[in-house]
Amino acid sequence: MWLEWLVAWSWSLDGLRDCIATGIQSVRDCDGTAVITVACLLVLFVWYCYHVGREQPRPHVSVNSLLQGVDANGLQNGSMYCQSPECVRCTHHDGLNQKLYHNLQEYAKRYSWSGMGRIHKGIREQGRYLSSQPSIQKPEVFFLPDLPTTPYFPRDAQKHDVELLERNFQAILCEFEALYKAFSNCSLPQGWKVNSTPSGEWFTFDFVSQGVCVPRNCRKCPRTYRLLGSLRTCIGNNVFGNACISVLSPGTVITEHYGPTNIRIRCHLGLKTPNGCELVVGGEPQCWAEGRCLLFDDSFLHTSFHEGSAEDGPRVVFMVDLWHPNVAAAERQALDFIFAPGR
């Protein structure tokens, strides 16, 4: 009936008037159920338009930029006190999940969706995972679901790399001591970075910073650099991978903070570990030992401090990020792609 009426209808003002009159009469003739149904459909349509409008793509957000920050004094930080609007620890980026999902789709198109279930789930429900995590563990960029959780890992979690690092303890220590001779009271030697702390001084000498090699520093420590290339589980191709020498001066306290992800294990090889130095992860304190590796999940709330005297000298560790042992090979490849530096 309606189809015949539309075909026969004259496209004119008179026809428009007749159309409106017919529509009003049709509504009057309808029973209450039909009117309610139409009203519900109209509400659903309006809600859908609003929802689609809210999810229009945000401006491009580089994953790498979310991990970087500079404080008010221009000192690179990476943990706290950063005031950069691009720092993930200081601001929330609504566009990040969309960017990650786009990267995952691009990876799956090139390779395969096989084995991507946890990553897909993690990206899709990232906001819920991060907001529902207990306050003791809150990775600030990416949470991979269904990974075993513990503040500290046993040494055999990455046995090969731990043993290799410990066998090369003396070589790394010698290269550090050669570097440290350049320190003076008035200037920071080239290649070193100072990090913001509420008290004391914290310096790092980067070999890999957020997945990017630092060639000038690597050339100064060739044996340490070659050692990094021999590690089987070193994260070197995405923004969650770092390797450096970390120095805490006496009297230094690092503010409690969370790392960006739970897909990695942070490994500290003790180079110089005077008394009064401690690492606290998830409320559990541990002490470093020279020539020994300490493995922990830095997505837990953690801090470090050096309460020794000036005569004790600095606390020095060689730090490197290793893959969490329960992240599968296919997932590692995909995460390297999704979180590639500069992507």
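All positions are counted from 1 along the displayed chain.
Keep in mind that glycine also has a Cβ here, set from the backbone N, Cα and C atoms.
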Swiss-Prot 2-oxoglutarate site partner of Trp202, Arg266, Cys267, His268, Arg315, selected from Ser184, Ser187, Ser230, Ser246:
Ser246
Of the residues Asn185, Asn195, give the one that Swiss-Prot describes as N-linked glycosylation site.
Asn185
Across all chains shown, how many C-beta atoms besides its own are within 10 angstroms of the C-beta of Trp202 (2-oxoglutarate binding site)?
23
So what pLDDT does the topological domain 'Cytoplasmic' (1-31) average out to?
52
Which ones in the same chain are close to His268 (2-oxoglutarate binding site), with CB under 8 Å and 6+ residues apart in sequence?
Ser246, Leu279, Trp288, Cys293, Leu294, Leu295, Phe296, Val317, Phe318, Met319
Taking 10 A as the limit, how many CB atoms besides its own sit near the CB of Ser246 (2-oxoglutarate binding site)?
21
How many other Cβ atoms are found within 10 Å of the Cβ atom of Arg315 (2-oxoglutarate binding site), counting all protein chains shown?
28
